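Feature annotation from TrEMBL assigns active site, nucleophile to 104. If you look up TrEMBL, you'll see 104, 391 marked as Mg(2+) binding site. The annotation active site, proton donor is assigned in TrEMBL to 106. Among the features that TrEMBL reports, GMP binding site is placed at 106.
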């Protein structure tokens with residue numbers, strides 16, 4: 001039985017309920033009278049079967065059978081663990097077609113230690129107190145690195161932080177006012193359900209503007225901002241202070257911005273680079289591999305010249321510029337990709353801006369500002385032969401893929417830690433049983449007699465408790481970056497739309513030949529799924545396994 005289950009894991013498109021599979025795990029058992037796949041429409045139209053004389057015994061027997069089968073499947077799933085160093089693909093792409101590689105700087109070429117977010121939080125909190133006259137008592141709230149996750153939405157008018165799925169539905173149980181979860185019934189009353197209409201969602205770049213009341217936090221740098229908003233909200237609520245949420249949001253946003261604009265963060269990192277920058281030889285190794293294969297390499301970042309120079313010298317070496325054909329700093333993305341008016345300016349060795357007209361982007365030089373249209377004219381680097389990597393799905397990737405036809409790669413550092421959690425036996429056992437129990441509920445709901453309904457309510461309660469448990473595997477407040485209870489998150493929806501490939505870090509490129517082709521797994525649409533299967537359902541979002549990666553290293 002376990003061997004058959006393992007074989008079925010490798011077959012894409014045969015899943016009886018792949019649309020419900022979570023995190024690449026199975027969602028059906030393989031029992032002979034499997035109750036875990038969708039009932040065919042013609043079966044649903046038929047009258048429900050008459051209850052057996054002892055429905056309690058019958059249903060609990062099926063429950064125990066399903067649980068035993070699930071337990072037997074876990075070892076086969078454990079033998080096919082996910083590879084945290086793999087590259088995952090949303091769109092077919094061959095590296096043999098890529099001639100030019102571009103990179104963002106922060107959280108793409110360079111990664112920062114946990115100390116950086118504490119620095120940003122503390123500096124912004126001080127600005128709130130000193131420049132915006134907020135109560136000094138908010139200093140008692142320290143930065144909590146485990147509170148928020150990326151991709152959350154913030155209702156500016158209601159001062160609520162929440163997680164929203166790909167269909168604009170709020171995940172109940174993840175709505176926070178300050179540090180307190182808002183009861184489900186209160187959320188439903190505020191939003192007339194749990195759906196957020198399109199006109200209230202954030203604009204294209206995740207901002208709250210032009211009537212949009214939601215802000216989406218997509219940047220890794222936004223984690224301190226979310227925590228600071230929650231801290232100040234918590235203080236005002238606990239002390240019964242009447243305040244305007246819109247003013248609070250703007251003041252916190254401005255304070256976080258000033259930490260960057262006023263150079264507070266940059267000066268602190270440059271002064272103690274070993275504390276804040278995570279040194280990694282892989283960055284140089286990736287760049288050297290590309291250069292040795294004759295690839296063109298460029299950098300477009302919003303960070304300033306001296307900051308990038310010091311960081312790259314630390315990460316790559318004093319000769320880092322020799323690896324890059326073009327270096328552009330303070331680009332002001334995403335405006336860089338849309339504003340045709342700003343010309344490039346050359347930056348000399350002392351960081352002084354020169355007034356020369358730029359006719360060519362020269363290797364070894366650093367340029368500031370500019371725009372993509374001028375960049376394309378000066379370099380001729382167009383279309384699908386260019387692959388650009390960044391961590392911000394909106395500012396780095398969206399315009400490039402939608403307007404300019406570049407290929408895009410998203411760097412998602414959280415991916416590695418989430419996959420490691422998904423590879424644990426506890427997670428696999430929990431998710432396998434959760435999906436099996438869901439299938440059991442789906443099939444057995446046809447029994448409407450009181451005894452059956454009482455048992456089904458017990459199963460629903462168990463399912464709800466298990467969902468809360470799975471959320472706690474990742475983040476106690478908000479769960480996984482990529483999933484709500486059963487749907488993809490809004491974050492994953494945008495990632496799937498704007499990134500051809502995604503990975504935990506650039507070092508994953510070292511595992512692949514530069515002629516490698518990434519093929520997305522064909523996942524069946526709901527109407528393509530078989531209505532019944534005697535085999536284990538394969539995952540809806542299957543990703544490379546450790547054994548596969550061993551063959552390509």
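Glycine too: its Cβ is placed from the backbone N, Cα and C atoms.
Sequence features annotated in TrEMBL and their locations in the structure.
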| residue | record | Cβ neighbours (10 Å) |
| --- | --- | --- |
| 104 | active site, nucleophile | 24 |
| 106 | active site, proton donor | 21 |
| 391 | Mg(2+) binding site | 23 |
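Counting only the Cα atoms, the space from residue 106 (active site, proton donor) to residue 391 (Mg(2+) binding site) is about 8 angstrom.
With respect to their backbone Cα atoms, the residue listed as 'active site, nucleophile' and residue 391 (Mg(2+) binding site) stand 8 Å from each other.
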